[in-house]
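Annotation source Swiss-Prot lists region 'Disordered' at 25-49. The annotation repeat 'LRR 1' is assigned in Swiss-Prot to 52-75. Positions annotated as repeat 'LRR 2' by Swiss-Prot: 76-98. The repeat 'LRR 3' feature in Swiss-Prot is assigned to 100-122. The annotation repeat 'LRR 4' is assigned in Swiss-Prot to 123-145. Positions annotated as repeat 'LRR 5' by Swiss-Prot: 147-169. Per Swiss-Prot, repeat 'LRR 6' is recorded for 170-192. The repeat 'LRR 7' annotation in Swiss-Prot covers 194-215. Here Swiss-Prot flags 216-240 as repeat 'LRR 8'. According to Swiss-Prot, the repeat 'LRR 9' annotation covers 241-264. Taken from Swiss-Prot, the feature repeat 'LRR 10' applies to 266-286. The motif 'GVYW' annotation in Swiss-Prot covers 291-294.
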Amino acid sequence: MICEDAYQYQQLHGQKDHMMTMMMMDLSTSPPSSPLSPSLSPKSPSYNNNEEERLEVVNLSGMALQSLPNPSLNLANICKLDLSNNHIKKIPESLTARLLNLIALDIHSNQIKALPNSIGCLSKLKILNVSGNFLVSLPQTIQNCRSLEELNANFNELIRLPDNIGLELTNLKKLCVNSNKLISLPATITCLTSLRVLDARLNCLMILPEDLENLINLEILNVSQNFQYLSALPSSIGLLLNLLELDISYNKITVLPESIGCMRRLRKLSAEGNPLVSPPIEVVEQSLHAVREYLSQKMNGKLVNTAAKKKTWGFRKLVKYGTFNGRSRVWTREEREGLIMPEYRPIDILTSTKFPVTCSPRRLFSPRTYFSR
């Protein structure tokens with residue numbers, strides 16, 4: 001039976017009067033005090049011969065299990081199965097194929113290297129936690145888990161996600177794949193229109209999908225700590241109009257897309273640890289409002305470009321300048337006052353015939369010519 005190891009564990013601790021089937025718990029009646037203490041037994045007043053109620057939850061967490069023997073239980077009646085914190089290396093294909101009414105499966109913190117293809121038979125599965133294993137990939141059949149709302153695959157060795165992951169999992173609300181080795185996210189991920197949380201930090205992401213605006217319900221996006229890999233964000237990121245939190249910290253991003261200035265619902269922006277040039281780091285350190293205003297003005301062409309003005313010639317106000325006195329062998333520097341021009345003009349205009357007296361090169365640079373005080 002699937003609870004054989006649990007029974008042996010209880011025998012070692014003097015709990016011989018407990019039955020193996022007591023690991024089957026109905027949480028709707030009364031929650032167990034511990035994984036080893038059953039809530040229902042054949043002698044308990046709340047015991048019900050209705051097998052469908054009795055076999056609602058199976059909790060085998062922290063039992064030091066190394067394998068799962070072929071169970072003789074009616075697995076079709078189990079709604080929740082917790083096999084976390086064990087030493088399990090493989091999930092039998094026959095097990096998942098018979099869990100027809102399973103809603104939640106927790107196998108985190110084991111030694112599993114691959115999920116069975118029969119996981120696609122879990123058409124009612126809503127919560128799947130496979131974090132803390134040695135998974136390199138997820139089976140393509142996971143797309144058949146169309147009721148899935150939460151997928152946690154943190155702390156694995158995932159190199160890629162299934163290409164079709166976004167085509168069928170239209171009910172997925174939370175996708176956590178942090179602390180893996182992902183280089184990119186599949187393009188179909190933008191089809192997850194119900195997605196609210198996307199956590200892809202601590203990976204090797206080099207690029208994000210272009211059509212992020214399709215994630216119309218996304219509220220939290222975390223792509224931080226991809227370090228030397230992620231150097232740019234797609235402009236479509238600013239079209240995530242329902243986004244509340246954006247974490248892009250500790251990457252190689254130098255420019256924030258101007259479209260971020262349109263994200264009026266954004267409440268938190270974390271961008272530290274990036275070599276930002278636009279907006280300047282001093283703007284980022286001020287506030288989220290300052291960043292939004294900077295990017296909005298830049299997008300609308302209202303941002304003052306001081307660097308461009310330095311390349312123009314002309315005078316905006318009366319200034320002091322120096323000339324050399326040509327009447328003496330010893331050249332002495334004298335300060336003179338320049339002219340006030342109404343606006344900036346390039347040097348080719350200043351040297352034209354429109355300004356023959358006041359601004360010709362001969363008048364400007366001759367050592368024997370002076371401006372009056």
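Glycine residues also receive a Cβ, built from the backbone N, Cα and C atoms like all the rest.
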Query: Can you name the far-off residues of the same chain, 6+ from the ends of the repeat 'LRR 10' (266-286), with a Cβ under 8 Å from a Cβ of it?
result: 224, 243-256, 260, 292, 294-295, 298
- prompt: How does the model score the repeat 'LRR 8' (216-240) in terms of mean pLDDT?
  reply: 95
